[in-house]
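Notes to accompany the following structure.
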Amino acid sequence: MRPMPPPLKRARRGPPVSGPCPLAGRQAGPSCSGHQLLRDPRHNKGLAFSEAERDAHYLRGLLPPAIVSQEHQEKKIMHNLRSYTVPLHRYIAMMDLQERNERLFYKLLIDNVEELLPVVYTPVVGEACQKYGSIYRRPQGLYISLKDKGKVLEVLKNWPERSIQVIVVTDGERILGLGDLGCQGMGIPVGKLSLYTALGGVRPSACLPITIDVGTNNETLLNDEYYIGLRQRRATGEEYHELLQEFMNAVKQNYGEKVLVQFEDFANHNAFDLLAKYSKSHLVFNDDIQGTASVVLAGLLAALRMIGGGLVDQTYLFLGAGEAGTGIAELIALEMSKHTELPVDDCRKKIWLVDSKGLLVESRKESLQHFKKPFAHEHEELKTLLEAVQSIKPTVLIGTSGVGKTFTQEVIEAMASFNEKPVIFSLSNPTSHSECTAEEAYTWSKGTAVFASGSPFDPVEYEGKTFVPGQSNNAYVFPGFGLGVVISGAIRVHDDMLLAASEALAEEATQENFDKGLIFPPFTNIRKISASIAAKVAAKAYDLGLASRLPRPDDLVKYAESCMYTPLYRSYR
């Protein structure tokens, strides 16, 4: 029996900026060789293995004789991806690459982020989740179902990695704007954590995607022969909350207090309750409520730099009063209060919301869900968005309804009639659910709108001028936010950390961006942006006494950059 080669050694990197980086992880090389090494996505380099590596690790003959660089591999795969005409085929190809060569996957995503972000995340991930059972190949992430009740800790221990720092978990009930996709919602945690690594530099082995399967009320899926989840109606009430409680307790027991748990795509009736319940005892974050709010607030701060005025000078009208709408509204009110010293209740009076039954007003308060009540103000009842726009005359219109084509020509023309530069954010995903398109916003406002959307839109030419619509994408914030939480060793998330992330992102927008109509910086700079956000978030955690990683680094930006995962191939010997 031939001897196993020793673990691969790598050249030693420079000293950390301040103490050991929490993201560094173990530096050991692969523990396998030969055919097994080529099946290990973390260490496989394909044709990039050198002659010496092929000899040392029994790869001779298992690969064609050509030796190519990582850059050449990247060029080839991008050529292949661009040859696909169906977006879902690009998604499948990217997931296959992640399963066989992890470093090449992340290098591809980092170097081509603006082109590939819509492939690995919204809007294409929505279709992938809808068809997840049909395209399912290999398990990604951890599945916890009602069958595992009483054994959740054992299930967590089945995951091969021990040093987990970020978990993204969903129960699949409200996937994007597509509704209940049950177990097939796994595409969302997998996609989000890919971005934590590519955009925020959190190492892949520290990330854990989880789907909690409590059934589905989607009849189409229940009758689909290829559905991969529990074939039963959703558990609710005590049965549901007992499983979630067991899960949260098991996470803390298995991974400690400093693992960030990001709740993703839970339905409104659970999302707010879970965040309120566990934010006092766990390190938790809801991207739909808090992440969306942080990005939109950053967009507003940047937009006001472009058109003038402050947050408190605006009147806000939302279409949609769910997780995203109320989360954004609350963060705007907190930021207003912070800078004006007005009570938060007074700041909320500048913000109006419309739900499916009309404007939130005082006379409806008794029938409203608890998270809507702070935004029910004295006003006559109005049933339609157009009536609300005409009556309230907002300067900022924000759509989080999940219903496409609701910012009609009449609505946008009304906004433009009493605003020199109306701010219009059409945030619902995927593209088909967007309240209006970029072309509609610019055309109907006669080129005056300051526009951003949740899904990407192409540049629009109107009367000889090219407008580049900004994408209010949560990926601007959550990777850097998570990195900041991890490098500071934060034990809780505080609203001031979200405000710090918003302010950091808004500062990244430049006059050059504004000249094109952009209120968000280009994604090509996203790793630099993430490091800046991480530094501001970490600084706030230290200021609030929530950071446990001591001593505090002198230069948090450099420290964040030093901790970020890089996907370049390592030389093995």
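Count begins at 1; order follows the chain as displayed.
Note that Cβ sites are derived from N, Cα and C of the backbone, with glycine treated the same way.
The active site, proton donor feature in TrEMBL is assigned to Y121. Look at TrEMBL and you will find K192 tagged as active site, proton acceptor. Taken from TrEMBL, the feature (S)-malate binding site applies to R174, N429, N473. The divalent metal cation binding site annotation in TrEMBL covers E264, D265, D288. Marked as domain 'Malic enzyme N-terminal' by TrEMBL: 98-279. Annotated domain 'Malic enzyme NAD-binding' per TrEMBL: 289-542, in sequence order. What TrEMBL records for 1-34 is region 'Disordered'.
Feature map: annotations from TrEMBL on the structure.
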residue: Y121; record: active site, proton donor; Cβ neighbours (10 Å): 24
residue: R174; record: (S)-malate binding site; Cβ neighbours (10 Å): 24
residue: K192; record: active site, proton acceptor; Cβ neighbours (10 Å): 27
residue: E264; record: divalent metal cation binding site; Cβ neighbours (10 Å): 30
residue: D265; record: divalent metal cation binding site; Cβ neighbours (10 Å): 26
residue: D288; record: divalent metal cation binding site; Cβ neighbours (10 Å): 23
residue: N429; record: (S)-malate binding site; Cβ neighbours (10 Å): 23
residue: N473; record: (S)-malate binding site; Cβ neighbours (10 Å): 26
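The separation of K192 (active site, proton acceptor) from the residue listed as 'active site, proton donor', Cα to Cα, is 7 Å. Only E264, from the binding-site residues R174, E264, N429, N473, place their Cα within 10 Å of the Cα belonging to K192 (active site, proton acceptor). Across the domain 'Malic enzyme NAD-binding' (289-542), mean pLDDT in this model comes to 95. In this record, (S)-malate is bound by R174, N429, N473; the longest C-alpha to C-alpha distance in that set is 18 Å. Between N473 ((S)-malate binding site) and D265 (divalent metal cation binding site), the C-alpha separation comes to 15 Å. Listed in chain order, the residues near the divalent metal cation site other than E264, D265, D288 are T170, R174, I175, I188, F263, F266, A271, N286, D287, E323, each with its Cβ within 8 Å of the site Cβ centroid. Rounded to the nearest whole angstrom, the C-alpha distance between R174 ((S)-malate binding site) and D265 (divalent metal cation binding site) is 5.
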